[in-house]
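See structure below.
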Amino acid sequence: MARNKIALIGSGMIGGTLAHLAGLKELGDVVLFDIAEGTPQGKGLDIAESSPVDGFDAKFTGANDYAAIEGADVVIVTAGVPRKPGMSRDDLLGINLKVMEQVGAGIKKYAPEAFVICITNPLDAMVWALQKFSGLPAHKVVGMAGVLDSARFRYFLSEEFNVSVEDVTAFVLGGHGDSMVPLARYSTVAGIPLSDLVKMGWTSQDKLDKIIQRTRDGGAEIVGLLKTGSAFYAPAASAIQMAESYLKDKKRVLPVAAQLSGQYGVKDMYVGVPTVIGANGVERIIEIDLDKDEKAQFDKSVASVAGLCEACIGIAPSLK
């Protein structure tokens, strides 16, 4: 049986980490693509040389030509400019939209059957544009945001309660930006709702509110600390979890940026929602009940994403 083929568009910090994780998990052979000559080749060789130590079998190929991604089963897109201190994800719009146009053309030509995961910011607008540029069906093109934002939320909660991250369930809806919606009401520790933990004296509502805000600011916190780039370990791990669920037909329930067709009152836009990811891509979109405040927050987040999509159309009218 032939190995799966995983193509990584962009060989920066996230791309290199993706390649390493794909190797460690033996998800398939990896192609690293980048416009910078030598970078994907060097990283691919370096990771390949770690395989005898870590005991995994996979082929790593570096390339500067889209032809190398031909026939890929999964394509993960990280290409574009990362955030720097003081920048919002939205500041990257004009630059990264042009990148998505080139990437979309490459995927359309060489990997039209692939499951595509976009990580490039501003995430929700970029995955929306990438789907249009590539022409791939919407259920095969998703954005990585909710898994990462939820992981941050889960980690902060585990620290607050001094429990294993494995026992914390939490997820985040909406756009991947300052208006994201961490849902405390649907978050639990070993099945115990956060509201009950407040009553039990494990934490306070004020502390939970601060954790929710820290989750929203999670990416900016790391950008501020690194000063020269943005997060890459957690984003890469999140995308690999999505790719693994697709490749192994695990049918994981994961929050991803998916195209909505009426769910949550939204049409033809990519927004973070809980989904089932299996061998057919997005196999189901889970529409949960939101209370009045949650719905207002979600609608605000959707409006923010809609504004970014309109800005994209202003730059590239063909997206309309």
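FYI, residue positions are counted from 1 along the chain as it appears here.
Keep in mind that glycine also has a Cβ here, set from the backbone N, Cα and C atoms.
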So Swiss-Prot lists Gly10, Ser11, Gly12, Met13, Ile14, Gly15, Asn96, Ile119, Thr120, Asn121 for NAD(+); which of Asp29, Asp34, Asp73 goes with them?
Asp34
Could you tell me which of these recorded positions, Arg83, Arg89, Arg152, His176, has the fewest other Cβ atoms within 10 Å of its Cβ?
Arg83
Site extent for substrate, whole Å (max Cα pair distance, Arg83, Arg89, Asn121, Arg152):
18
Out of Arg83, Arg89, Arg152, His176, which of these recorded positions is nearest Asp34 (NAD(+) binding site) by C-alpha distance?
Arg83
With an 8 Å cut-off on Cβ distance to the Arg83, Arg89, Asn121, Arg152 Cβ center, who else from the chain surrounds the substrate site?
Pro122, Leu123, His176, Gly177, Gly219, Ala220, Val223, Ser230, Ala231
